[in-house]
Amino acid sequence: MNNQPLLLCNNLCKKYQEGQVLTEVLKNVTFAINQSEMMAIVGSSGSGKSTLLHLLGGLDTPTSGEVLFKGHSLNKMSSGARAELRNHELGFIYQFHHLLPDFNAVENVAMPLLIGGKNRGQAQKKAFEMLAAVGLEKRAHHRPSELSGGERQRVAIARALVNEPSLVLADEPTGNLDLRNADSIFALLGELNRQQGTAFLVVTHDLNLAGRLNRQVEMRDGYLQDELTVTGAL
């Protein structure tokens with residue numbers, strides 16, 4: 001049996017230099033996430049949560065430390081290899097859906113498949129199946145402007161999962177939604193986790209929603225803490 005973590009983060013540090021000012025955003029962050037695990041990171045704005053997700057997704061490089069995905073160091077990968085990793089192994093969900101406004105829902109969801117080399121027919125078939133999985137098969141041919149906020153975020157989730165990634169990185173995925181839609185989105189993530197075995201690493205301000213996940217940690221002043229402080233996490 002393979003006990004290797006899906007993703008391992010070792011002593012990750014990130015510093016930014018602006019003129020004479022050195023800002024340390026992440027300080028010796030170490031943790032692992034396993035296959036099919038759902039983990040929440042809570043923390044106040046500016047605590048380093050989004051920076052951490054960018055490093056984990058290979059969108060930025062650390063000042064020191066390393067990120068290993070399935071035992072392979074992102075630090076040692078070429079930019080092309082990291083792009084391939086993002087296309088095939090990682091999914092991304094953001095607070096704002098970032099859907100392409102001139103394309104309908106099924107075309108938006110199919111985009112990662114087309115980028116990955118699938119033909120249009122295969123991509124559209126898989127995209128429609130994914131929209132059905134998030135309950136939007138009847139809205140497949142609507143553009144983002146014709147969808148509600150909750151529906152747009154469901155399309156974004158379908159797009160993130162269409163390549164069947166091992167891990168989805170979600171940055172405030174319910175931040176722009178009302179409580180009812182936020183609750184529905186988190187329920188959907190849990191259902192997809194059970195059905196597909198996808199691991200989720202979710203950044204959120206909502207402690208109640210974070211409590212639904214397997215594990216909760218807090219980003220505080222650049223450090224990752226296992227103990228949550230309610231005032232610091234809201």
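Backbone N, Cα and C define each Cβ position, glycine as well.
In Swiss-Prot this protein carries:
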- G43, S44, S45, G46, S47, G48, K49, S50: ATP binding site (BINDING)
- 7-234: domain 'ABC transporter' (DOMAIN)
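In the three-state DSSP scheme, S50 (ATP binding site) is classed as helix. Note on the domain 'ABC transporter' (7-234): mean pLDDT across this stretch is 85. When the binding-site residues S44, S45, S47, S50 are scored by other C-beta atoms within 10 Å, S47 scores highest. S44 (ATP binding site) falls within neither a helix nor a strand when secondary structure is assigned with DSSP, and so counts as coil.
The number of other Cβ atoms within 10 Å of the Cβ belonging to K49 (ATP binding site), over all protein chains shown, comes to 22. A 10 Å cutoff on Cβ-Cβ distances gives G48 (ATP binding site) a total of 24 other Cβ atoms nearby, all chains included.
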